[in-house]
């Protein structure tokens, strides 16, 4: 009994600990210790004693009883010392295994490292730390052994699940396997093959997560310190007080630039930071925060002391990731100095970032950021050159708009003309969308109609694609040209015709999708001469322009040669040897598609195509046949089996015989041998069809010609060539077997007699249709052999089958695992138009079917390559039979790590990754130096480089050419089928940086459809056929260059890659990273580490784009704290592009749909604002950047500035993908502005060569969006201003006072300081939207005071009249802040763009002007502000219209401009120090006034929506609920949403919040979803009388210190009316709430500069209430946090009588910035950290609820309204991710009242955060139901066709909405 007592007490102690009853825990532990007494312990009691002591230590730490805890710690170690035999650690291990120490562990680590300010710092914690490290050491042993035994121990039955999953909901069932019982991916499939497997995967994920979490909690204290610090920063009420880049009393100097470039791959660098502390501070800890690049950085040395002497401190040899001070420095002086050396080293290319944290014993801790680019020094200038061809998308030329002069003579035969006429695209919906198309599968019954319709749909998609190619080129006119090489020869123009040659650029190469279409499916062009003057003279007015048809005569790699007809030459007076500038439109060659239609109609018997497999055919076998001496001895067993099947007597009916074999297994050899045997049968006749001419010629050159020459004239083949093929281009040996007309040297079509005279006819699939036209009776060919059958669509393959009957032996040979033919229509691709007949039959036949023969001996590749492809793609059936010599240094499967960032150029659909470019070039050089003799001569084609993306191909090719290695073949994978290389390099390009899991409901099907957009877009990461095609090109070596973590965690091929990398690891051919590191990073990713990624960080701008500008602060400069004139970090330079940077045109519009380009976030923070310790995306950690918790499907539209009028109206708008025109941005896709997420890489660390950059600066100068959605052109966000704690909610909203502050009477474009005006002008203007052309409204007269402005408006209902007096509003910043040159105010702001003001204002100081002028004029035009436009919210509109009133003209302009410069108060190349910040007066108080009614004009005006919006009900945005509650009922008709449409709550955290914290209308100030920047100057024109349509345009101006005035700005640029492309309100967007768009104005509008990049903006006010928001990501949790803990009333002014004077408002003095005395910051409500998991089209996220409703609901729920907290400005920048979070307003909740409702309660009732960020991460997510509008596509054919004809194009790739 005695023995049981201590055990029982220990159990009770741990129970109390878990229940957080710490006194009880101490009591129970003491009881256990007393029960054991002082007697000599046995091993079991010793363990019990240790356990009791540990529990007591934990409890005492929680009770803050540190001394007693330390005392207990002594006893623990005393026992260990007494024994000294290692039994102590063994005991700890056993305790860890049974889970007894979990609680102790977490208490210890939290107490020691999680809460540095709770008093513990004054104690000596050495023993406790040692105790924790002992427990850690024991745990790591336990975990290690567990991990190794995991699979065995758990006894899992199914395949291991795919990696890189961040939620068990991401596992899916394999639709294909369930439907067909067959999956091409086999064991490598990333979807489960049964419900049981799926369940097991989810269980495995959960158990692994638990294990990882335990591991993480037990991590060594340093990691816990780092995670605790970041979590604290994320959850902090005042994040800037947790971490900051400046700390009071500490000055930081650094020895070299914090951002450097190293130009060798193997390189190292170190930085020395000197911290000068006065008064003395103790440096307690230094840590490196950023997990991803840990292996590359370390703390090398630390010294401490004073100015006279520094003493080195102990640091681990070789450096460490975290350093703790052993003892405090006591030098008795008033200051101390620390020096810290941070070392960096790398052996791979990439971009590496790290954040160094210095903990000086109090918060905020100091942090500094460093970055290294490891890049090749080779400049990439040629890649930045503008593409020469101007791409245009204009109206297609046809007889309705142009007179088309056809080419004479027309060479089409009568039959071809009749085909073109017969198969016209049907125009009516019921003809195109028949039931057969909507059927799920192809059947014998729907065969013809379904394929006809899909072909028409594909033709429309090709047509759309080719319309993108209107190019302006210079034609060189010649009378003859010559081609060299085997197909060489000269061509001469005759009969008055001429040849014209033009050069191909990358735009038109086969490497791009549309280029490929032009090169393969276009054979004529229409040309329009550009010299209009000459043309205009002889053309009558109103006559249609004449365009001329020219034929494409020849296509080479570099040039296209046209044949120009005589009529054109005569009319235009063309002569040879001159140049002619023309506009070209390519004409799609419809003939091949018409021939496919014809082939479909010619197939008489479908049964050949749908063989009955219920009866297994018998292939007679006999030893004589198997070992026939006449069979070639080189045939292997499987090849002989194939020949037996092919030569089976025709009396035995066989279904089509499939000869399946990968590249190199001898398919062609087998078929050729079979032909010889067939010809031995009497009456046999063979038709050989191939997909390509080269393969057809191979049969003749290699097999039939030698056979005929050997004395077999009966085997003489007839080779049929396309009649227009130039004879010279055909091999002379093959010409012997062709029909050539003696006179014209052209090929002739065979006659029926010609065919009957030959027993072997060789054709390509396309020329086989000539045979069908000869009236040959079906069955004339006894055998039809189709080689390369997997590369042709089924509609092509059946052309020769028109000649087949039931008894015809049909043989299809090919590789079903190679690339399928490309289909441009996604709709048709989904319906398997691209699937070959071979592929379909392969799946149709059972696995052991005798007519499905797999050739399995590969003769061309090394055994290791064969084994890999065999296991992964061919069910393990392949064998290596050839002897390919390996390389002595490199295993045949080798992996080189490059951790760059994949980038998408502005107008391109492709990606590139410069780190991989440099790595490949270096490895190719190395391979050439180490070329083994056994590989033979190094020649052209020995080394191949393949990549899925054209942009990467161009870059690698250019880099290799520079190094004189042009013999290396660099191709897209699509172009290497049929080729082979001794060594093959694969550049995978993609990283997790841009690849997000597509987990939205609408995209879920992407995982199930093969060759889906994801396959195209993710390249090697998702398309297994692409991967197989590439790998099987190699003979001796496959070397992959890429990011291993991305490959193993993204896309459907991740399990293939995991296998590849593990093979490399086992064979020591994994370079640049270890397998362990990969596993660790994958686990970190799956654990959703909170600090791997800063989701709010801005896009990184490489140094290459900013080379001309010196850094603002060089080495040795000081960072003062608090910052007095500082905006960006010391090492940040302004991101301007290099001189001569030209905007690439939209040339590469073609190809895959424009995909998610890196989501931008925040830029430089305000001084005093906390910068993020978390680095922006690092190429090395790509895998870790985006835990899917941040989202699945972030699609960032990009602007495509297109310099011609009319482009805008070219495409219909699909808001999901519209990527040009501000008007077409779907702003719901924007990421939120950060809460001034720490100064990140937007403008700081440069990558000199475009590593991880968006190459085109127009898109990329990503500045931090401000809280209210505004951005300064000089690269800084407004919410980076000094948002001091003293400002209350009104000021935040008041910020919008300058949204439309002043009407600029001058036509001058106002320019912000920061960009010279000449950089702001774009060729392609956009029409101002009507709202902004509005005249001032009489009811809003401009206010003439410069430093005053009206505080409140009272508005009577219908008429807009002023009812209240204007009150002066004084500035409340000290006078010292108003130093610096004055600057004019902003003008109106347009939804399209914020134009730039002229920097040369008259009031500007001369030195400032000098700086501005100093910029080279040729530099690339800079992006202006893109405004919230597209799908805007009510609140933003109201804010824009009501937030201010007009102020007087020029002096007001000058003052506001001064303020905008001044708000920064910083040194930059454009801003002198000390400019005044922009005061934010309290201005919106009037909005809560009762009786305020918003006139409909205001509601309608300027709304960024068009008609489409009326079709979807959308919740509105309660920015001014008090105001909106007064709307009449008819105005509220859209207030209620159908419950079915209400997106349900998705995160547990949200539900938790709703249960625990009932809300009331008065709870929080209401949010605004996006305050658009409508900034552009109004024209200087008379007012328009018609105010009924126009909203008021009077806007307030913020106050300024007196005595600053300036003259008007000079007028420089105006555009003509003809250049405005937008006719009316908005293309394709409607206004919600049943509002109507304004009528179109004809008056010329003011100038608007084009924005050239997407600014992502969100208002600060959008944070005022966040309980309504819900992340929209599929099953992603929401992270929310409260911002502050005390609550002054939100809108004090709104509760005062209207005529009470408003107290003056001043900025607080500098000593209050960082939290000095003064008003306590008010709480802002909960913060959302945005998830990227957006739907494509998010409806508006908020709902207006009437006041009456709110009151009823409150009564119904008996809710007490909590206090309405105002936001804490310093952290209230919006984090709402527009379009990502549906509203979360359950039926029982109402939006908050901004204070007008009278619900005031005393301040100071904080709501503690209900859940930490980490807990939110861990909360299991719920699946997201589909939005109603997304849940299904319209299946009504008429609607489908209407959409089709409207042309819902994807803007860049010619897919239709319904063709997707």
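Each Cβ is built from the backbone N, Cα and C atoms, and glycine gets one as well.
Remember, predicted model here, so these are calculated numbers, not experimental data.
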Range annotated as region 'Disordered' in Swiss-Prot, from 1222-1253, 1254-1285, 1286-1317: 1286-1317
Proximal but sequence-remote residues of the same chain as residue 662 (ATP binding site) (Cβ under 8 Å, at least 6 apart): 815, 817, 818, 858, 869, 873, 874, 878, 1028, 1032
Reduced DSSP assignment, residue 664 (ATP binding site): coil
Residues flanking the ATP site, with Cβ no more than 8 Å from the Cβ centroid of 661, 662, 663, 664, 665, 666, 667, 668 and excluding those residues themselves: 815, 855, 858
Other C-beta atoms that fall within 10 angstroms of the C-beta of residue 668 (ATP binding site): 20
Tally of DSSP helical, extended and coil residues in the zinc finger (168-196): 14 helix, 2 strand, 13 coil
Local confidence of the prediction over the motif 'DEAA box' (787-790), expressed as mean pLDDT: 90
Count of other CB atoms lying within 10 Å of the CB belonging to residue 667 (ATP binding site): 22
Candidate with the highest Cβ count within 10 Å, taken from the binding-site residues 661, 664, 666: 661
In the chain carrying residue 663 (ATP binding site), residues 6 or more apart in sequence that have Cβ under 8 angstroms from it: 815, 818, 858, 860, 978, 980, 1032, 1033
Other CB atoms, at most 10 A from the CB of residue 665 (ATP binding site): 27
The motif 'DEAA box' (787-790), counted residue by residue under DSSP: helix, strand, coil: 2 helix, 0 strand, 2 coil
